[in-house]
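Down below is the structure, laid out as structure tokens.
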């Protein structure tokens with residue numbers, strides 16, 4: 001019997017990627033050592049490159065990298081402008097802008113020290129790395145599939161978000177189309193009147209579209225209650241509402257010390273329990289199933305474990321030898337890499353091999369001959385969408 | 001399967017009911033075609049089947065509508081999801097999810113089917129409709145025909161007993177429409193599904209229909225066999241009108257039927273030549289040289305040379321996405337253009353301000369209502385006069401010549417499709433452009449509105465304008481165009497007199513041409529002219 005270690009291509013549970021990414025972000029939050037941070041960035045980047053699909057959201061990773069670079073630049077620039085930290089190694093001196101008496105303590109420009117710049121860069125890099133970790137999760141996991149993993153009672157919210165996500169680009173397309181059409185009439189108005197000429201057709205379009213969508217969803221059976229007695233419906237509604245009221249009261253009790261004891265934590269817990277019961281009954285009464293649900297399999301466990309072990313090792317380092325994690329600025333020293341944190345971060349790269357590779361959509365485009373047979377242009381009706389506003 | 005008992009439906013605030021005492025009993029496995037002019041209540045009838053009318057529209061419904069014994073008065077449309085599948089005209093508007101597979105599964109998820117059943121049915125449906133290779137594609141990247149088939153699939157997975165289709169092929173090019181229809185026919189024959197379909201382009205569906213419901217416009221429904229009902233119906237495809245003209249009984253419904261009967265007619269016509277379409281004798285009104293339009297890496301129009309002559313109507317055909325719209329927008333000057341030149345009497349409309357370009361070339365876009373934004377027809381007309389610095393009343397006069405009798409106080413949204421088109425055309429014509437471009441104008445027009453629009457286009461040409469119409473509608477082209485250009489992949493692949501281009505093409509030939517090939521006849525009117533002439537001259 002042969003056993004292949006190479007996992008089959010499939011989609012990984014989005015929750016696994018998110019847990020892994022959050023673990024990596026927590027690693028980043030524990031250090032300002034630029035070498036370690038760059039290692040984390042490299043690990044995230046490598047895993048993303050190896051395991052992302054070719055879907056549109058997967059290409060957003062670059063945007064997160066750019067945003068990270070922007071954060072680092074801004075941090076350093078602020079340190080130069082406001083001259084926050086003092087340092088002994090002055091690199092160059094900018095002319096200082098004298099400020100009035102009441103602004104004492106704030107300095108604009110003036111001498112720029114290496115410590116001060118490095119401090120800004122380290123800080124910025126830490127924030128940027130955490131951001132890139134979140135970006136990695138977004139690139140690796142389909143955000144819409146994450147919504148699908150919500151518990152049954154929150155299904156409606158998930159659907160609303162998905163619909164909103166698809167409506168936004170349609171609205172943009174609508175605006176572009178109408179703007180082009182306005183040019184055809186050579187309206188020539190400015191300001192409010194021109195806005196009106198665009199807004200009214202777009203809104204009309206949006207309202208029509210949402211009515212059509214609502215009708216289509218109803219015909220597809222969305223919100224089917226089945227033959228359930230109105231009493232059950234009344235009961236769930238009552239439970240959920242009472243429970244949520246209890247939660248509100250409980251929260252108030254917890255925050256306000258002057259309220260009686262029972263209004264605090266007990267109320268909060270009781271409210272949560274009642275609301276959950278309502279959700280559960282509600283979720284059960286809606287008989288609904290999932291098409292190809294994401295399952296938790298060894299691949300997912302491996303992804304999460306690698307992230308968790310990285311986070312654990314970093315946590316241990318803070319207990320054992322925290323000096324490596326926060327390189328000293330005064331006196332200025334070279335950052336060093338300790339064996340323990342380095343090992344931890346490298347463990348985080350394991351999903352690049354252990355996680356199942358994504359299913360690439362390349363195959364979908366092999367059907368070109370078939371689609372041209374059906375008279376389908378490669379850009380189809382969206383040709384209109386692709387024509388940008390003049 | 002579907003029962004209507006004494007159904008009368010009145011929209012809120014309407015004086016007359018849209019449906020009046022309708023009695024129907026549609027059996028299992030029937031393909032029923034619903035015809036009638038625009039606004040006679042076809043969509044109302046279809047919507048009543050699963051209760052969307054009156055639950056989503058408001059209004060009062062009397063009588064009883066039931067599907068498989070389940071009464072729409074007692075259950076909301078959701079509870080009909082496993083019985084009735086509904087597909088509308090614009091599939092994109094009805095999509096809930098974003099990929100093909102998810103959309104196919106959506107209805108089943110709502111019904112609470114088990115995971116294994118869903119997997120199986122999705123695979124079956126993908127194969128049934130021939131869209132297996134599209135399974136992971138995003139819905140917005142599909143072509144119109146593909147989208148329509150996915151929409152069909154998304155209701156089929158629930159295994160409904162009844163399919164309700166509202167204009168499923170209106171927006172599609174002839175080939176894509178055939179694909180969708182083939183899928184529907186297969187359902188009726190293989191699965192015994194009852195199909196209720198409304199369609200303006202009767203010629204596409206009538207040959208497959210078991211039964212015809214004709215709505216004459218007074219709220220009643222005439223119910224009968226297609227061939228019998230069409231003898232005096234106000235909505236009739238060309239092949240039926242040819243049959244009426246030649247006195248064939250029973251009426252032919254398909255090209256095949258007609259062709260088998262047409263031997264004698266062909267002989268009679270052999271001695272006559274079809275009237276040659278007016279050759280583009282006019283001066284060149286617009287000349288485009290090596291016009292190229294790109295969007296990112298996509299080439300929409302590639303090195304197109306095109307000359308438009310005044311007094312000539314050019315039909316621009318080609319499948320969805322072949323670059324027709326892009327070409328029109330580039331010719332008008334408002335759309336993007338990568339390279340090439342456009343010359344309208346010495347001026348390039350792309351290089352002058354919008355107001356100037358509009359006086360040279362007028363364009364009516366695909367969604368014509370985008371141009372309208374005021375509350376009344378009169379306000380739109382007045383605004384148009386100011387925009388085109390035309391004397392007051394120009395636009396209104398144009399409107400009255402195009403579509404007489406539209407009340408000035410009416411909201412543009414409440415006009416019929418044909419009236420809306422006339423209004424937008426009047427707005428665009430008020431700056432008196434020498435070149436008029438129309439993008440898919442015949443969408444949503446019934447035979448009468450289309451016939452009227454054909455006259456409008458011919459009048460425009462007769463007054464010396466150069467007219468371009470981008471369209472999928474072969475019957476309209478046969479009646480209105482002097483010249484046809486066919487686009488594919490951004491290039492013009494055929495350009496010539498209408499008869500020469502369309503007669504030889506299996507997709508673009510009108511029904512009459514198919515019946516009488518190899519003779520180059522295009523419309524029933526031509527034949528009628530010849531036969532009348534024959535009668536006038538004693539043999």
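Every residue gets a Cβ built from N, Cα and C, even glycine.
Residues or ranges marked as region 'Disordered' in TrEMBL: A:364-390.
Residues annotated as transmembrane segment in TrEMBL: A:20-49 (among others).
As annotated by TrEMBL, transmembrane segment applies to A:61-82 (among others).
For A:153-172 (among others), the entry in TrEMBL reads transmembrane segment.
The transmembrane segment annotation in TrEMBL covers A:234-255 (among others). When Cβ-Cβ distances below 8 Å are used as the criterion, the transmembrane segment (A:234-255) is approached by residues 262-279, 281-282, 285 of the same chain, each at least six residues removed from its ends.
Here TrEMBL flags A:261-281 (among others) as transmembrane segment.
What TrEMBL lists as transmembrane segment is A:301-317 (among others).
Here TrEMBL flags A:337-355 (among others) as transmembrane segment. With a threshold of 8 Å between CB atoms, the same-chain residues lying at least 6 positions outside the transmembrane segment (A:337-355) that come near it are 7, 12, 16, 20, 23-24, 27, 31, 33, 35-36, 39-40, 43-44, 46-47, 50-51, 299, 302-303, 306-307, 309-314, 316-317, 320-321, 324-325.
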Of A:20-49, A:61-82, A:261-281, whichever stretch has the most CB pairs under 8 A to the transmembrane segment (A:301-317): A:20-49
Contact set, same chain, for the transmembrane segment (A:261-281): CB under 8 Å, 6 or more residues outside the stretch: 151, 153-154, 232, 235-254
Other parts of the chain folded back onto the transmembrane segment (A:20-49), taken as Cβ under 8 Å at six or more residues beyond its ends: 61, 65, 68, 121-123, 125-126, 129-130, 132-134, 136-137, 139-140, 303-304, 306-308, 310-311, 314-315, 317-318, 324-327, 335-337, 341-342, 344-346, 348-349, 351-352, 355
